[in-house]
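K.L.:
Next up is a structure, given as C-alpha cells.
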Amino acid sequence: MKPTSTSANTLVLSRAQLAQGEISLPGSKSISNRVLLLAALAKGRTRLSGLLDSDDTRVMLAALRQLDVKLEDHGDGRLDVEGGLAPSSQRESIFLGNAGTAFRPLTAALAMLGGHYHLHGVARMHERPIGDLVDALVGIGADIRYAGNEGYPPLDIASGSIRGGQALKVKGSVSSQFLTALLLASPLCTASTGHPLIIEVEGELISKPYVLITLNLMARFGVDVQREGWHRFIVPAASAYVAPGELAIEGDASSASYFMALGAIGGGPVKVRGVGSRSIQGDIAFADVLQRMGAVVQWETESVQVSGVQVAKGERLKAFDEDFNLIPDAAMTAAALAMFADGPCLLRNIASWRVKETDRIHAMHTELARLGAQVESGPDWLRVHPIADHAWRDAAIETYDDHRMAMCFSLASFGPARVTILDPACVAKTFPDYFQVFHSLIQEQSA
Ligand SMILES: O=C(O)C1=C[C@@H](OP(=O)(O)O)[C@@H](O)[C@H](O)C1
Ligand SMILES: C=C(OP(=O)(O)O)C(=O)O
C-alpha cells in the first residue's frame, strides 16, 4: 500500500484491508542505550551489532563522544566501543533530547564518576520528573542541582563525595528508570568506596521487567547483582564491568507490538523477526494480550508470528480488562486495538503514561475520541469503547511529539474513516522508518 503524503508534516493513510508478510525489527532502544553506557564504563572493547539508529540512541552516542569515549562505527548497527569513561576535565553541557534511557542513567553515572556537567533536553524532558533519582544520589553524597524547576531537568552535576556503607534508598513509583540508572552506575560507587552498594526500593516499583533487562545486561558485563524480591538489590564490593567482546542487540519488543497488532486485525500472518521466545524484553508479553483478544501467536526463538481476525470485514477482537503496569509502552498499542474490540476495554495501572513523551492518557483519550470512540479516563486508567462502523469519523490525529501516538494510530487505517497522521516524523525517537515498514505489510481496500 502506498501512503498519500499531503505534505512533509502529514500522512494520509489509505484504507487498509489486510496485513501480511515479514519484517525485521530495528534494535531495542532499551537494550541499545543500556549497552552503550555499560560498554563505555567497561574495561576493554565491546563490539556491538544490531544497535538502534534513532533520536534516542543518537543523543546517547553524541554524549559519549563528547565525554571522549572512543567509538568506531562500522555501519549497519555495528559499533565498537572502547571502555574507560573518565571524569571530564572541563564543564560539559550535554543535550539528551527526550531520551529517558539516556538522561536518567547518565545522571547517575556522571554524578558518581566526578567532573562537572550540565544535562539538558527538549522542553518536554524538562517536564519529566527526575527528583526521586536526584534525591537518592544526593543521599549518598552526590552534588546535583536543579538548573530549572526543582524535581526536573535540566541538572547541574559536580564532583560530590560518594559515601559507601549505607543503603541507598530510591522510590520506584514514578519510573523504573531511576532504579535502572542507579544499578547501571553502581560499579562506579563500589569502586570508589570499596563497599558493596545496597539499593532499597521504597514503596511500589513500576515497570519491573525493565529492571530485569538492566540486571541481565549488567551480568553480561560481569556484574552480578543479588536481588531480594523487588525491594533490595545488592551490588558486591569491587564490582567492575568487563567488556563481553561481542554483543548482539535484539529487536525492539515495543516496536514489535504494532506489527503483531497488524497481524491480529489484518488477518495475517505477520512474522516479526528480531524478538522471539528468548527475548529479555518484558514487552513480548503483549503477545499474550493479543492471544486473549483472539489472535493466534506462534513463537520461534528469534521471531514471532501473529494471525487474527479481519476487522475490515467487520470481524472483531475480544474486549479486555487488564493491568498494564508491566508493559506500559506496548499498552498503548492495546488501547488503539480497542477501537476494533467487541466491547469496552479497560487499561488499568498506567499512571506512568502521564509523565512520558506526553500525557499519554490525555493524548490517547483525545485522539481516540476524535475518531469517534467513546472514551473515559482517570488518574491511572483508560476505558475505550469500540467504534461502531457508523460512528467512525474522518480525523487528523495529533501526535504530541510522541512516537508511540503516531505508530499506534497507524492501526486506525483499518477503520472505515479517512485518517491523517500529523507530524508522522516524530517516530524518529525510536523507529525512523516506521511508516515504510508499516506500508510494506498492508494491502489496501479496493475502491
Ligand atoms: O528502562 C527502560 O528502558 C524503559 C522503562 C520504561 O519507563 P518507566 O520505568 O518510566 O515506566 C519504558 O516506558 C521506557 O520506554 C523504557
Ligand atoms: C517512555 C518512553 O521513552 P523514554 O525511554 O524516553 O522514557 C517510550 O519510548 O515509550
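Positions of Cβ are set from backbone N, Cα and C atoms, glycine also.
TrEMBL labels come from automatic prediction, so no person has curated them.
Per TrEMBL, the features are:
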DOMAIN    20-437  domain 'Enolpyruvate transferase'
BINDING   LYS29, SER30, ARG34, SER175, SER176, GLN177, SER207, ASP329, LYS356  3-phosphoshikimate binding site
BINDING   LYS29, GLY100, ARG128, GLN177, ARG360, ARG404, LYS429  phosphoenolpyruvate binding site
ACT_SITE  ASP329  active site, proton acceptor
K.L.:
Going by Cα-Cα distance, pick out whichever of the recorded positions SER176, SER207, ASP329, LYS356 is nearest to ARG404 (phosphoenolpyruvate binding site).
P.N.:
ASP329
K.L.:
From ARG128, SER176, GLN177, ARG360, which binding-site residues have a C-beta atom under 6 Å away from some atom of ligand 1?
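P.N.:
Checking each Cβ against ligand 1, the ones under 6 Å are SER176, GLN177.
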K.L.:
Within 10 Å of each Cβ, count the other Cβ atoms and name the one among the binding-site residues LYS29, ARG34, ARG128, ARG404 with the highest count.
P.N.:
ARG404
K.L.:
Once the chains shown are all counted, how many other Cβ atoms turn up within 10 Å of the Cβ of SER207 (3-phosphoshikimate binding site)?
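P.N.:
Total other Cβ atoms inside 10 Å, all chains included: 19.
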K.L.:
Express the predicted model's confidence over the domain 'Enolpyruvate transferase' (20-437) as a mean pLDDT, rounded to an integer.
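P.N.:
Mean pLDDT for the domain 'Enolpyruvate transferase' (20-437): 97.
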K.L.:
List those of the binding-site residues ARG34, ARG128, SER176, LYS356, ARG360 whose Cβ lies under 6 Å from any atom of ligand 2, in sequence order, or write none if there are none.
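P.N.:
The qualifying binding-site residues are LYS356.
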K.L.:
Looking only at Cβ atoms, how many others are within 10 Å of the one on the residue listed as 'active site, proton acceptor'?
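P.N.:
Neighbour count, Cβ to Cβ under the 10 Å cut-off: 27.
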K.L.:
Show me the subset of ARG34, SER207, ASP329, LYS356 whose Cα is within 10 Å of GLY100 (phosphoenolpyruvate binding site); these are the recorded positions I mean.
P.N.:
LYS356
K.L.:
Quick check for you: of the binding-site residues LYS29, ARG34, SER207, LYS356, which have their Cα within 10 Å of the Cα of GLN177 (phosphoenolpyruvate binding site)?
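P.N.:
SER207, listed in sequence order.
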K.L.:
Looking at Cβ-Cβ distances, which residues of the chain lie under 8 angstroms from LYS356 (3-phosphoshikimate binding site) while being 6 or more apart from it?
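P.N.:
Looking at Cβ-Cβ distances below 8 Å from LYS356 (3-phosphoshikimate binding site), excluding near sequence neighbours, one finds GLY100, ARG128, PRO328, ASP402.
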K.L.:
Rounded to a whole angstrom, what is the C-alpha distance between SER176 (3-phosphoshikimate binding site) and ARG360 (phosphoenolpyruvate binding site)?
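P.N.:
A Cα-Cα distance of 17 Å.
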